[in-house]
Amino acid sequence: MAPIALQILALQILAAQTLALRILALQTQDFALADQQHVRASLDKKPEEVQAMFDGVAKYYDRTNTITSMGQDKLWRIATRKSLNLRKGERVLDLAAGTGVSTAELSKSGAYAVGADFSLGMLRAGINVAKVKESGVPLVAADGLRLPFNDGAFDAVTISFGLRNIVDPDAALREMARVVRPGGRLAVCEFSTPTFAPFRFVYLNYLMRALPAVARSVSSNPDAYVYLADSIRAWPNQDAMAQRIAATGWADVQWRNLTGGIAAIHRATKPR
Ligand SMILES: C[S@@+](CC[C@H](N)C(=O)[O-])C[C@H]1O[C@@H](n2cnc3c(N)ncnc32)[C@H](O)[C@@H]1O
């Protein structure tokens, strides 16, 4: 798709998100704020709060993601799987796997995919997700800062929309490098910075102004929107993220933008 078409698509998504958030918040007493709430917790940087918050939103987490991203989440998961070039028989760890939907997507490659998350609520919710059940992927309770896996246990490791929630993202990147074999691959899928300046302006103003305004009218937790905007502003842009990954034991860092840079996938390899 041409870049300008991507920008238009992204704008349409944002407009639709506003409507979707309003409907969801009314229907579900704010379960729709799953992502926004986790941002708040991430800024507080208290693991117990992050855990408890995800336990609380787990039941509706995947549906919320799909509605508020207008289906883009599915495309982002496919792009993440493809970015890892997984081969049949390889082992891949999906850290901060949540309900395991991202892990199930990875298993489509034929690789043996393992999901790990420290929210038991999210893991339990995954038991009832059809595509997770059908995939048969194992989901294990584990802290990304102290993974219960041997050095070099995996051929690849990935994390989708999880790094921003981890108390110490650099330590998590180092821990991911530990459990991957030399020459193994990393893919980090995370919100990022739109690349097209006019769109970036609209996007940031949407986040900074529209989201809190919508939240005030429909949400019992409007602060969550403010925290989401803050966290995206605070989160490194594509280039800074690449440098951060390179500083934590990874080499050959590259990235590609998704939906005009609303999200990005960073790839890297562990030096041999
Ligand atoms: C936004 S969800 C992402 C879920 C899934 N990867 C996806 O793409 O939908 C973020 C997840 O990070 C998990 N998380 C945060 N800190 C963690 C840590 N230290 N160890 C393991 N999981 C963590 C949360 O429990 C939550 O399930």
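Including glycine, each Cβ sits where the backbone N, Cα and C put it.
Here TrEMBL flags Thr99, Asp117, Asp143, Gly144, Ser160 as S-adenosyl-L-methionine binding site. Non-local neighbourhood of Thr99 (S-adenosyl-L-methionine binding site): Ala58, Tyr61, Asp62, Met122, Leu123, Ala125, Gly126, Val129, Val132, each in the same chain, at least six residues away, with C-beta under 8 Å from its C-beta. DSSP assigns Thr99 (S-adenosyl-L-methionine binding site) to coil, not to a helix or a strand.
Summarising the annotation, TrEMBL assigns signal peptide to 1-20.
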Can you list which of these binding-site residues (Thr99, Asp117, Asp143, Gly144) have a Cβ closer than 6 Å to ligand 1?
Asp117, Asp143, Gly144
Drop a 10 Å sphere on every Cβ of the binding-site residues Asp117, Asp143 and tell me which sphere holds the fewest other Cβ atoms.
Asp143
